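Novice: Take this structure first; my questions come after.
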Amino acid sequence: MNGVDRAAPLVLGIETSCDETGIGIVRGRSLLSNTIASSMDEHARYGGVVPEVAARAHLEALVPALTAAVAEAGITLDELDAIAVTSGPGLSGALMVGVGAAKALSVALDKPIYAVNHLVGHVGADILDESGTPFEYPTIALLVSGGHTSLLLVRDLVSDVELLGETIDDAAGEAFDKVARLLGLPYPGGPEIDRLAAVGNQTAIRFPRGLTHPKDMAKHRYDFSFSGLKTSVARWVEKQQDLGNEVPVADVAASFREAVADVLLTKAIAACADHGVPRLLLGGGVVANARVRELAAERAAAAGVALRIPPLSLCTDNGAMIAELGAQLIMAGHAPSTLDFPADSTLPVTEIQVH
Ligand code: KG4
Ligand code: ZN
């Protein structure tokens with residue numbers, strides 16, 4: 001790693017694990033560019049992300065996004081100290097586009113490459129948040145998006161991340177999208193439900209809170225399940241229709257949103273209390289949800305837990321968080337990855353860097 005600036009490395013990050021093509025550029029802890037191209041619109045008519053469509057979209061978006069990011073950062077590619085890329089977890093075909101591009105850049109520019117974990121990247125986003133001092137470790141991190149719902153204990157960003165629990169079926173965002181669909185709302189469903197819920201009554205219907213009964217908490221204390229909730233909403237709506245009643249869509253949306261927010265925060269705050277960690281970091285697209293944010297603030301304050309929510313542009317999938325995780329690895333003296341690393345759709349969160 002001759003010539004690499006270890007104090008404040010200039011790192012380009014590439015993120016293609018789902019439907020966002022993210023190219024980020026950071027110098028040390030500073031954000032220089034966070035360029036994102038999303039193929040979300042192309043998935044709308046299918047009601048969810050179609051892996052093959054996402055992969056093709058990455059291929060088209062990558063070079064324009066790279067060009068835009070470099071221009072915005074005001075740098076040239078040969079000034080880079082390293083390339084960082086998401087090697088997993090995520091959609092295989094989508095990941096392969098980013099991994100292939102990163103390897104090509106690394107070879108062509110003769111720069112070291114860091115293959116990193118997407119979920120840990122979400123935690124690294126906190127460092128780029130200029131609204132306050134980043135969290136000290138350890139911290140609990142709750143990551144909620146269309147692709148993941150994970151609760152992590154982060155003792156050290158570059159060397160010690162433990163998966164406390166995750167969803168055993170649908171991701172929280174996926175549940176929002178599926179429930180929106182059954183209510184006849186467009187994709188992505190999260191923002192639609194959030195908007196309707198604002199004028200609904202959240203106590204109108206008591207929907208189930210998955211994996212929160214005492215017997216479930218023994219085995220799945222930090223795990224999530226949203227598929228039973230989705231089915232329960234479907235049954236409730238069908239019953240109203242059978243009875244010839246008009247479906248109170250806003251009340252359903254508000255009650256469903258309340259059930260999701262309640263489960264997410266109950267488990268996250270329990271993780272903080274159980275581990276004696278008074279810090280909670282949120283990440284992922286579902287963090288845009290008004291009730292999730294409100295309940296997080298309420299419950300964290302009541303439990304004496306400091307709460308951090310980075311700006312949404314750093315919460316949703318992006319390349320800047322990947323670049324930052326790469327920069328942190330360099331600053332901590334970690335060696336680069338070799339060029340043999342794969343795109344690993346099921347990369348465990350404990351594997352922060354793939355060698
Ligand atoms: O992190 P993200 O942009 O990336 C992917 O998972 O690809 O998250 C997208 C997810 C979608 O499922 C979307 O419905 C959900 O986040 N989402 C929301 C809200 N805004 C986006 N869910 C609930 N409430 C919202 N306001
Ligand atoms: Zn993500």
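Heads up, the Cβ atoms here are built off N, Cα and C, so glycines get one too.
No curator has checked TrEMBL annotations; they are predicted automatically.
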Novice: Please identify which of Asn117, Asn245, Asn289 is recorded by TrEMBL as part of the substrate site containing Leu143, Val144, Ser145, Gly146, Gly147, Asp177, Gly190, Asp194.
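Specialist: As annotated by TrEMBL, Leu143, Val144, Ser145, Gly146, Gly147, Asp177, Gly190, Asp194 share the substrate site with Asn289, chosen from Asn117, Asn245, Asn289.
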Novice: Check TrEMBL: it lists His118, His122 as binding Fe cation. Then name which of Asp274, Asp317 it lists for that same site.
Specialist: Asp317
Novice: Sort Leu143 (substrate binding site) into helix, strand or coil using the DSSP assignment.
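Specialist: In three-state terms, Leu143 (substrate binding site) counts as strand.
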Novice: An 8 Å radius from the center of the His118, His122, Asp317 Cβ atoms defines the neighbourhood of the Fe cation site; name the other residues of that chain inside it, in order.
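Specialist: Checked against the 8 Å cutoff, the neighbours are Glu15, Ser17, Cys18, Thr86, Leu119, Gly121, Leu143, Ser145, His148, Gly283, Gly284, Asn318, Met321, Ile322.
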Novice: Out of Gly147, Gly190, which of the binding-site residues is least crowded by other Cβ atoms within 10 Å?
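Specialist: Sparsest of the binding-site residues Gly147, Gly190 by Cβ contacts within 10 Å: Gly147.
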Novice: Around ligand 2, within a Cβ distance of under 6 Å, which of the binding-site residues Leu143, Ser145, Asp317 show up?
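Specialist: Cβ under 6 Å from ligand 2: Ser145, Asp317.
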